[in-house]
Amino acid sequence: MLRSIPRSFVAINKPSAFAGLRFKHTLPALPYAYEALEPYISKEIMQVHHSKHHQAYVNGLNAAEEKLGSAFQSNDVNEEIAIQSAIKFNGGGHINHTIFWENLAPKSSGGGQKPTGELLKEIEKTWGSLDKFIEKFNAQTAAVQGSGWGWLGYNKDFKRLEIATTPNQDPLKPTTGLIPLLGIDVWEHAYYLQYKNVRPDYLKAVWEVVNWKTVTERFNKHR
């Protein structure tokens with residue numbers, strides 16, 4: 001992600017200030033094996049999705065930030081602005097996928113186990129039941145045109161849960177203000193090798209490996 005740099009400090013020594021804050025993003029390791037989510041998400045999909053697609057976003061983010069650093073050092077504001085779309089796309093891809101991997105778990109590690117406690121109460125208060133929430137979530141997410149994401153987010157201002165969708169790799173919090181609790185990837189690379197072009201079948205199956213423990217942890221942290 002793009003980190004803000006104090007302009008008063010930058011004015012004194014702009015190149016060294018940026019260089020001191022620069023670091024390389026890396027691909028996070030999965031907390032389970034590529035085949036662990038089968039039969040709901042195949043080993044082949046997980047391997048390509050994680051090691052190829054997510055890695056490409058990490059590489060793209062590092063390259064974009066490298067260019068931003070050069071533009072920053074040369075006081076090229078036009079170039080700084082031009083690079084923002086690449087940072088948003090690749091940075092969003094990195095943020096979104098990191099959340100996505102954590103939102104999944106094998107059956108043996110609790111994948112698919114229903115939420116409990118305050119999160120379940122909030123879901124039932126908002127949508128009537130967990131099943132009705134999933135039905136609503138799947139309908140909105142299946143309707144995403146082209147590529148994007150479906151989200152369960154938390155609105156801190158109104159203290160409520162909301163379903164949202166974002167296009168492409170737009171990250172939820174920077175673009176909507178919602179705190180991401182659960183994100184489901186509906187780019188075709190997330191399901192096409194197994195479910196072809198039938199996105200609703202993928203959305204139906206993915207709940208069998210949703211890790212509600214991590215969703216609950218995020219909810220408890222931010223509410």
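Just so it is clear, glycine is given a Cβ too, placed from its N, Cα and C backbone atoms.
Automated prediction, rather than curation, is the source of TrEMBL annotations.
Listed features, source TrEMBL:
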- 24-105: domain 'Manganese/iron superoxide dismutase N-terminal' (DOMAIN)
- His49, His97, Asp185, His189: Mn(2+) binding site (BINDING)
- 115-218: domain 'Manganese/iron superoxide dismutase C-terminal' (DOMAIN)
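The most densely surrounded of the binding-site residues His49, His97, His189, judged by C-beta neighbours within 10 angstroms, is His97. Over the domain 'Manganese/iron superoxide dismutase C-terminal' (115-218), the average per-residue pLDDT in this prediction is 98. Sequence-distant contacts of Asp185 (Mn(2+) binding site), defined by Cβ-Cβ distance under 8 angstroms and a gap of at least six in the same chain, are His49, Asn96, His97, Phe100, Trp149. The record gives His49, His97, Asp185, His189 for Mn(2+). Within 8 Å of the mean position of their Cβ atoms, the other Cβ atoms in that chain belong to His50, His53, His54, Phe100, Trp187, Ala190. Helix, strand and coil content of the domain 'Manganese/iron superoxide dismutase N-terminal' (24-105), in residues and according to DSSP, is 61 helix, 1 strand, 20 coil.
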